[in-house]
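Dropping the structure in here first, questions after.
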Amino acid sequence: RGKSLNVWMIVFTTITTISLVGRFSAYHMQKRKLLSGISTVKLNLEKASLIAMEITAWITLPVNLGAHVLELSPEQASFQHRIQYSSGVTWTVATVACKMAVLWMYTHIFPPSPVRLASWITMGCSLSYAIAFIPVFMTACNPPSAAWALDPMIAMAKCHPIQQQEFASVSVNMALDLAVVVIPMPAVWKLQLPMRKKITVTCLFSLGLAVVAVSAWRIVTTVESMKTLDWSYVLATVALQSHLELWLGILAANLPMMSPIFKKAFAP
């Protein structure tokens, strides 16, 4: 399971990096200053947080990531818990940065309208989500070091079940992702464009639905994890889901901005 996750990370790290390069190239083709788009800066923040998550996942592979809990030594279990603790923060920062980047893009490509208002409101909700849940992840155990104690009885005594906070976090995050997809749709269909172009634009903005689907899958996994003590076996699946949400989020943010490249590449 750990080797499978490694393949996913290599493939999608390459794809998302190419999409970021494509976004920069599109800015250059349009002769726009890179730093004039705050959304690009926010995407770079997400990419940095994603890379931090990927590094922690890669260094966890040699310590039996995805193995059954009975196959882990106390040291391996402790290390995996330590990585799990840090990834809650990096994942939250990354997913919020991606949403903020897309919403900021909406405020610039759409004229003053309900779309802009909805974008600003959703940005506020996304920021509030990060402010609310990062402390929740960081205070799951008291003291925090209890999360990766070698003695599992210490964690049981000093930590509350993380499944409950994960369920709440993923549910709210999925609602925000769905809002990001829905916000521009009414404005897109009011544009004076040929039907073919409307469908193309709709498909580009709807890429975020893939993120929503992964979030729904993660909720199912979280519910199932409440019924088992084999947390380490489930951890590999959760790691894949967490990364998929971020990878697809980056692609959903970058591909609509790469239209100049697509036009040049597929022009007759």
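Even glycines carry a Cβ here, placed using N, Cα and C.
Pulled the feature table from TrEMBL, pasting it below:
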- 6-27: transmembrane segment (TRANSMEM)
- 48-69: transmembrane segment (TRANSMEM)
- 49-264: domain 'Rhodopsin' (DOMAIN)
- 89-106: transmembrane segment (TRANSMEM)
- 118-138: transmembrane segment (TRANSMEM)
- 170-189: transmembrane segment (TRANSMEM)
- 201-220: transmembrane segment (TRANSMEM)
- 232-255: transmembrane segment (TRANSMEM)
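Mind running through what each feature is packed against?
For the transmembrane segment (6-27), same-chain residues at least 6 beyond its ends with a Cβ under 8 Å from one of its own Cβ atoms are 33-34, 37, 40, 43-44, 47, 50-51, 54, 57-58, 61, 240, 243-244, 247, 250-251, 254-255, 257-261.
Packing against the transmembrane segment (48-69) from elsewhere in the chain are residues 1-6, 9, 13, 16, 75-77, 79-80, 83, 86-87, 90-91, 93-94, 97, 229-233, 235-236, 239, 242-243, 246-247, 250: each is 6 or more residues past its ends and has a CB under 8 Å from a CB in it.
Taken together, the residues in the domain 'Rhodopsin' (49-264) have a mean pLDDT of 87 on the 0 to 100 scale.
Listed as Cβ neighbours of the transmembrane segment (118-138) (distance under 8 Å, sequence separation of 6 or more from its ends, same chain) are residues 85, 88-89, 92-93, 96, 99-100, 103-104, 106-107, 110, 144, 165, 168-169, 172-173, 176, 179-180, 183.
Cβ atoms under 8 Å from those of the transmembrane segment (201-220) belong to residues 102, 167, 170-171, 173-174, 177-178, 180-181, 184-185, 188-189, 191, 193, 238, 241-242, 244-245, 248-249, 251-252, 255-256, 259 of the same chain, restricted to positions at least 6 beyond its ends.
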Sort out the residues at least 6 away from either end of the transmembrane segment (170-189), same chain, that have Cβ-Cβ distances under 8 Å to it, and list them.
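For the transmembrane segment (170-189), the list is 95, 99, 102-103, 106, 110, 113-115, 118-119, 122, 125-126, 129, 133, 198, 201-202, 205-206, 208-209, 211-212, 215-216, 218-219, 222, 245, 249.
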